[in-house]
Amino acid sequence: MAGRTLFDKIWDDHVVEKLPDGTCILYIDRHLVHEVTSPQAFEGLRLAGRRLRHPEATIAVVDHNVPTTDRSLPIEEPQSRLQIETLERNVREFGVPYFPLRSRNQGIVHVVGPEQGISLPGATIVCGDSHTSTHGALGALAFGIGTSEVEHVLATQTLLQKPAKNMRVTVEGQVGPGVTAKDIMLAIIGTIGTAGGTGHVIEFAGSAIRALDMAGRMTLCNMSIEAGARAGLVAPDQTTFDYVKNRPYAPKGEAFEQAVAYWTTLASDPDAVFDREVTLKAEDIVPSVTWGTSPEDVLPITGLIPDPASCDDPARAASWRRMLEYMGLEAGRKIAGTKIDVVFIGSCTNSRIEDLRAAAAVAKGRKVAPGVRALIVPGSGNVKAQAEAEGLDAIFRAAGFEWREAGCSMCLGMNPDRLTPGQRCASTSNRNFEGRQGPGGRTHLCSPAMAAAAAVTGALTDVRELVPAEEPA
Amino acid sequence: MRAFTTLTGIAAPMPAENIDTDQIIPARFLKTIERSGLGRHAFAGLRYEADGSENPDFVLNKEPYRRAEILITYDNLGCGSSREHAPWALLDFGIRCVIAPNFADIFYNNCFKNGILPIRLPREICDALMGDARLGANARLTVDLERQVVCRPDGTEIPFEVDAFRRHMLLEGLDDIGLTLRHDGAITAFETKRKQAEPWMPEIRKTADGESGTSQKV
């Protein structure tokens, strides 16, 4: 029998039953719930007279709608308030564990799950949110689902699924200074495209991946969906175990040792076969930014804005023209030096303590450029408290950044933090779609260090020109 | 869920790649706690000008496509967010079938859960169907899920593939949850077995105020 991949192993361990046509009833260990994609699911349960099968495998949190200003103030937008109140009513009625807005544990669902030890290696984890792929960093099979499936999991603790195909993306070598997990992932998406991973689960492997800390691995897996993949995975190793140990909801003592013994068996077998393999050299990756309105429109910060005239495919050239017009960019010019109006450092991609440290290292002793609005939005109340304990908030405030409360914030234009038409933003989030950060907003995706560099210079800037090469970025 | 058997209707051509779910339904419209009523916001960014008036150049603002029941696009339709509001918005607008060379996985799945049939066809065939669609109201397409064919206005039939299980669920308008609950015994047996094999898997205890009292690592 051929060897099995990490994905195959987790999958096999969760198949309850295989139906005659190959569809599987897949057991779900952890279900994360937030306010936007759950109200219709709870309503469905209510209408059908169904209960939650396992409230103790479920955790709810509010993140998408919440303002990131003073938590003692009421939520002004009536619809946002209604959605949050609806979740609170549902968690009470159905007995779901919940981190309320005023809890220090509240935050972005994909920051909270790993931080609390709720997301564990080898587990199946779902959430009505495409960035559930984040939790794959722990070696968990984690993927986003729609609201009908949220209801299905609430009622049955399972999903009807067929196995995905296996893809492996290997990044060997050592990245240069100023190059982060975000740059690695943007390079991968730029290489395989936004549909490159469709139908697949991507396992990230290679020495450059092994060298990443958990926050970096989460950034990588988070954006697997931007490569079209169902999920991203990194095999659990000592870095993973050290991260999980002693987290509030993780197994403790002997149970933890038992768990590690199992988690250690999950790595892909040496003879496992992948349906598709892609390899990148870490040395080739430079700090990157996006120029267009799809995450695959990536450029090294040293690069030139693409020219539709040089594109052979007429449909693609037309799409580039439209993107350049929307983005207000001129073909053939250097991307570096493009003036920005707003900097957003946050989101489930890049709002962990490591991300804030990287941004603070650039911001320290510098000032946000005149006319630029720069927001720092920690991923959770705990990240915020940790950053304050380390004095990062003082660095940011002194530099002129806004220091805000946890939430999805300006990643998606669902709460008061959004761009106005025409505003240009260097953003550590995950999607540069038209209007994603607010109607007419222009998004350039980049790493926290690059975003901080943009904030202090007022333009898209090569962070390596700010940070001496011998210092870690 | 409403069953899908055959559909004869107007098809709207949208010759673009990577039409993401933020375009199908922007995030600012996701604050509803209901499934219905999103049709008027479908493609809001493309369909309306900043002052709220209709963009006359957008296909769904033109006759006869205001009454479109089929949408034809290029690659990677529905990429991005998992929001089921995207198929809800399409359905509420009147779209019951989407045709593209390929789809993003979650969107593809969400369509089936809402009685929308997503059909994968090669790009050159999508081009041909868009050509048909441009002929307007007299050039309706018929989608026959039973026979797995798309019938063009000239009578030619284009076969398509669809997963047998999903086809069955759609033809019968069946509820996934009801089906899964018939396997309740198997789920319970699996849970018992796993509790023995993986006794370390902790339960998430209900927290009244969310504070577990332990010091937090981040």
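Just so it is clear, glycine is given a Cβ too, placed from its N, Cα and C backbone atoms.
Copied over from TrEMBL:
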BINDING   A:Cys348, A:Cys408, A:Cys411  [4Fe-4S] cluster binding site
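The C-beta environment of A:Cys408 ([4Fe-4S] cluster binding site), restricted to residues of the same chain at least 6 apart in sequence and closer than 8 Å, consists of A:Asp63, A:His64, A:Val66, A:Ile108, A:Ser347, A:Cys348, A:Met414, A:Asn415. Each of the binding-site residues A:Cys348, A:Cys411 was scored by other CB atoms within 10 A of its CB, and the lowest score goes to A:Cys348. Close to the recorded [4Fe-4S] cluster site, the chain also has A:Asp63, A:His64, A:Ile108, A:His110, A:His131, A:Gly346, A:Ser347, A:Thr349, A:Ser351, A:Gly407, A:Ser409, A:Leu412, A:Ser429, A:Asn430: residues not among A:Cys348, A:Cys408, A:Cys411 whose Cβ is within 8 Å of the site's Cβ mean position.
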